[in-house]
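Undergrad: Submitted below is the structure of interest, expressed as structure tokens.
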Ligand SMILES: Nc1ncnc2c1ncn2[C@@H]1O[C@H](COP(=O)(O)OS(=O)(=O)O)[C@@H](OP(=O)(O)O)[C@H]1O
């Protein structure tokens, strides 16, 4: 199949999905794609962001399927708009620039590689956009081969290519403007490959104008570009108000290399989505001043510098306030020696983290010093030197901060990683709110404007539409770190923020504010509640994190694979069989959860991956620290040994796959499936054995067929019986986070009847050596009725009496009910297994057989 044919099919499927979602949600969306063009248009230079309907999976837990799922849980129900970005290649610079903006603005998007030369695609997209009122943003960039003039196919718009332009200005009457304030940017525009637009149709209005550069062809020629354009000026960004063919569009006459295009792009998305994807006008900024006590002699602030800082701050605060107030965070000495010498206010000192008492001792000294010198001690905000202990998290620091300083807020640029900056996030750990910190280019060693790395122009560029400006534009809350020396000498810190505020004020309608750290942090997590819970990563995957991760900690002991369940499918048998292999080991049992760690789906996760008394059950504690206490086997060889954990309730957990993939992206995942009806029944019997009140009181049929108004305990038992059996839904979730070749799906019935052959497959899947011969090591125990470990002398070691219980067979009525209940899910599972190239287990074939028999029966009935 050619790429074009495949893309066409893919696109058709995608659009059908989007279309059906539009109908479902009745949300209008915008959808941007490349403009269609004359035959000479090069899609290699085009990339199109498109807004469409949202993707969000309905949770099977939110709606219990009663009596049969009204909406099968695999149906996508869209609730938020999504941008669809069509790029010609994944290496497209323009595509990457667009994605960077969408990510920074927290707009959901989906990227597709598309060939715009295909007329069929264009027709399909046009039809889609017209029908669902989806807007289009297109970029046109001239090449050497572009004809000087060309007409856009199907639209009354003419393009003039390869121009050198100057003096760009924002057209004040453009209805597209939201963040952007009209203004003029004097001087030449970057590049000589600009395209401008002309039209006689009133649907087009200019958004940006420029003039031909003096001496360039066409300069001063007095073009008449059309009714929506100013005579003699070139329109380099135009908006189509949809009066011609019903589709609203915005066209850019170049990529996003020019800073003003980035600003206009954000407004264009907002305009075409009727403000559904839009940034508010408020921006909060906090500027920390660090290294108060440790600046080199001669570079520290003097009294005049302090006065200048305060004056500037007060004057700006008076005017609306446009220059943020600064909240001074003192401390952060670079070494412990300096720390001791200066006893700075919040000098937590990088080492030694493992020694909580010495950390506490030093903090107490620092606090005393602060109190003696009337330095405020009640801000609840601190930063750590080099981000040590904040991320990756060291419990000792968090504890000491809380106990000595009552710290409630900190900031770091390390979570989840330093780069790319736009991915930085916040989280809350141990009741301390950690905010993302942004970079502003003022490093400790940068003292003079003229010595700015790369030259002063670099700083001015960053302020004037570059990185610093974009940080403020795209983040509702920005925290910057500066250093004392930046406010002495030539006062580069002041220069930077005063100019930044003035640039923001001249080009945008943004309102700049500041707040004390605690209020700012509350605001941050109100805006981004989804960031509250952290997502732990492996500290050894990032060199910077590894460097600040305490020396006595190691990442070698993280699991290489996980048995994730679901419960009652034979996970304990698999666990026992795996441990018989000389290269495979696991955690030792815990008093509460026996062999299961249950880290990712319980409160243990919130304790973090660091080990302390509080984090006793955290994963790394199991795999790292408990070995210190002799609880965990020390591996003989880290690279050939296979550590694993088995927690059977991971399988249906919403959070686990995401959390596991963040910490253990390379881990292999093993899941076992038995007939979901048998699984439900086994769970019910398990609960009876544990004297669960509802399980003892109600029959199995009562449980599975309980209606919406049934008692809570009954409904809860029903959920736990039925929901883990929605296999396709749960598997799809795992497959969103792990590639298919890292996931093994075992037929649990086969494990029960022929464990040796299953264990051979498992060994192959894991790549574990040496090969272990399970057919010699396992034997069928007729008394137990299951396969068990064969011990020396012919004795057997079987699982305890809670595995392989004796109970009456399931009633026929319940089986019929459950077969119907799981019918659709089993069909979905068969499709999924087919997609993965996996054989169907015999229980699934039998269930599918029932489906086709029922269909036949229904059809016959209908005909007769
Ligand atoms: N070799 C062997 N020995 C004992 N039991 C075996 C074995 N192989 C599979 N099974 C089946 O495993 C079922 C228990 O599954 P789990 O271990 O996953 O249960 S749990 O979720 O950990 O409680 C258990 O379910 P019940 O029969 O309902 O007790 C068994 O059917």
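Cβ coordinates are placed from backbone N, Cα and C, and glycine is handled just like the others.
No curator has checked TrEMBL annotations; they are predicted automatically.
This is the feature table in TrEMBL:
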ACT_SITE  568  active site, for sulfotransferase activity
BINDING   682, 787, 803, 804, 805, 806, 807  3'-phosphoadenylyl sulfate binding site
DISULFID  788-798  disulfide bond
DOMAIN    79-116  domain 'Heparan sulfate-N-deacetylase N-terminal'
DOMAIN    118-272  domain 'Heparan sulfate-N-deacetylase N-terminal'
DOMAIN    282-317  domain 'Heparan sulphate-N-deacetylase deacetylase'
DOMAIN    353-469  domain 'Heparan sulphate-N-deacetylase deacetylase'
DOMAIN    559-824  domain 'Sulfotransferase'
Undergrad: Checking the contact step here: among the recorded positions 568, 788, 798, which have a Cα within 10 Å of the Cα of residue 682 (3'-phosphoadenylyl sulfate binding site)?
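TA: Checking each Cα against residue 682 (3'-phosphoadenylyl sulfate binding site), the hits are 568.
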Undergrad: If you run the three-state DSSP split on residue 682 (3'-phosphoadenylyl sulfate binding site), which class comes out?
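TA: In the DSSP reduction, residue 682 (3'-phosphoadenylyl sulfate binding site) maps to helix.
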Undergrad: Which of the listed recorded positions (568, 803, 806) has the least company, meaning the fewest other Cβ atoms within 10 Å of its Cβ?
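TA: Per-residue Cβ counts within 10 Å for the recorded positions 568, 803, 806 bottom out at 806.
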Undergrad: Give me the count of other Cβ atoms within 10 A of the Cβ belonging to residue 787 (3'-phosphoadenylyl sulfate binding site).
TA: 23
Undergrad: Within 10 Å of each Cβ, count the other Cβ atoms, then let me know which of the disulfide-bonded residues 788, 798 comes out lowest.
TA: 798
Undergrad: Sort residue 787 (3'-phosphoadenylyl sulfate binding site) into helix, strand or coil using the DSSP assignment.
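TA: SS state of residue 787 (3'-phosphoadenylyl sulfate binding site) = strand.
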Undergrad: Please give the 3'-phosphoadenylyl sulfate site's span as the largest CA-CA distance among 682, 787, 803, 804, 805, 806, 807, to the nearest whole angstrom.
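TA: Maximum Cα-Cα distance: 18 Å.
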Undergrad: Please report how many Å separate the Cα atom of the residue listed as 'active site, for sulfotransferase activity' from that of residue 805 (3'-phosphoadenylyl sulfate binding site), as a whole number.
TA: 11
Undergrad: Once the DSSP letters are reduced so that anything not helix or strand counts as coil, what is residue 568 (active site, for sulfotransferase activity)?
TA: coil
Undergrad: Are there any residues at least 6 positions away along the chain from residue 805 (3'-phosphoadenylyl sulfate binding site) with a Cβ closer than 8 Å to its Cβ? List them or say none.
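TA: Listed in sequence order: 682, 685, 686, 689.
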Undergrad: Quick one: of 787, 806, 807, which binding-site residues lie within 10 angstroms of residue 798 (disulfide bond), measuring between C-alpha atoms? Sequence order, please.
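TA: Qualifying among 787, 806, 807: 787.
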Undergrad: What whole-number Å value do you get for the CA-CA distance of residue 788 (disulfide bond) and residue 803 (3'-phosphoadenylyl sulfate binding site)?
TA: 12
